[in-house]
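Quick notes on the structure that follows.
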């Protein structure tokens, strides 16, 4: 197996759905299935925060979600937990700046997908040098899902990354909705990552379809 190509990674980032059990009011397995039917291109398991599952329950839940992703041939990424990603043989892992260092993550993950959240050009360059396949840049807009986020960057922050010669695939993160997706893509992102825009939608399927349309219209 060799590392994923830039072009392939860029395509996978189009509509990036992130979810844990506590992000849904409906059955999360059903929400994921609807999102996959609607056309998400990659999924990240993020079980964090108030009411999140722990221990064996968390692992079992992750396995259920992973099995559904496999049915649809969509990559399953684990947030912040390299050991779990390895245990599940996940397609990749996504880490933040405060998590395990990117060099050790790349070493452990081999050729699997490694994504890194970045807020500055320095962080971006460091992540690229040490093996990131893509960057998560944000928060672009205010978000209520993550309580520990950095200052909102707006689309200008994202455009700045491209102006500074960052060519690696980028997914926009934070407060992204159907209404503002086009702005994120136009600023230079390859795709959008969302939680509540799908997880709390009246119809996860319809909401995903609209996001997919917005992204392809704006690219």
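Heads up, the Cβ atoms here are built off N, Cα and C, so glycines get one too.
Listed in Swiss-Prot for this protein:
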- 44, 45, 46, 47, 48, 79, 117, 146: 4-amino-2-methyl-5-(diphosphooxymethyl)pyrimidine binding site (BINDING)
- 80, 99: Mg(2+) binding site (BINDING)
Specify the count of other C-beta atoms within 10 Å of the C-beta of residue 46 (4-amino-2-methyl-5-(diphosphooxymethyl)pyrimidine binding site).
21
Using a Cβ cut-off under 8 Å and a sequence separation of 6 or more, which residues in the same chain sit near residue 117 (4-amino-2-methyl-5-(diphosphooxymethyl)pyrimidine binding site)?
94, 95, 96, 97, 135, 136, 137, 138, 173
Return only the integer: C-alpha distance in Å from residue 46 (4-amino-2-methyl-5-(diphosphooxymethyl)pyrimidine binding site) to residue 80 (Mg(2+) binding site).
8
Spatial separation of residue 99 (Mg(2+) binding site) from residue 79 (4-amino-2-methyl-5-(diphosphooxymethyl)pyrimidine binding site) - C-alpha basis, Å:
10
Need the DSSP three-state call for residue 46 (4-amino-2-methyl-5-(diphosphooxymethyl)pyrimidine binding site) to compare against my parser.
coil
According to DSSP, which kind of secondary structure is residue 80 (Mg(2+) binding site) found in, if we only use helix, strand and coil?
coil
Cα separation, residue 99 (Mg(2+) binding site) to residue 45 (4-amino-2-methyl-5-(diphosphooxymethyl)pyrimidine binding site) (Å, whole number):
16
Chain-internal residues, separated by at least six, CB under 8 A from residue 47 (4-amino-2-methyl-5-(diphosphooxymethyl)pyrimidine binding site):
20, 21, 22, 53, 58, 61, 62, 79
Could you find out if DSSP has residue 117 (4-amino-2-methyl-5-(diphosphooxymethyl)pyrimidine binding site) as helix, strand or coil?
strand
Using the structure shown, find which entry in 80, 99 (the binding-site residues) has the sparsest Cβ neighbourhood within 10 Å.
99
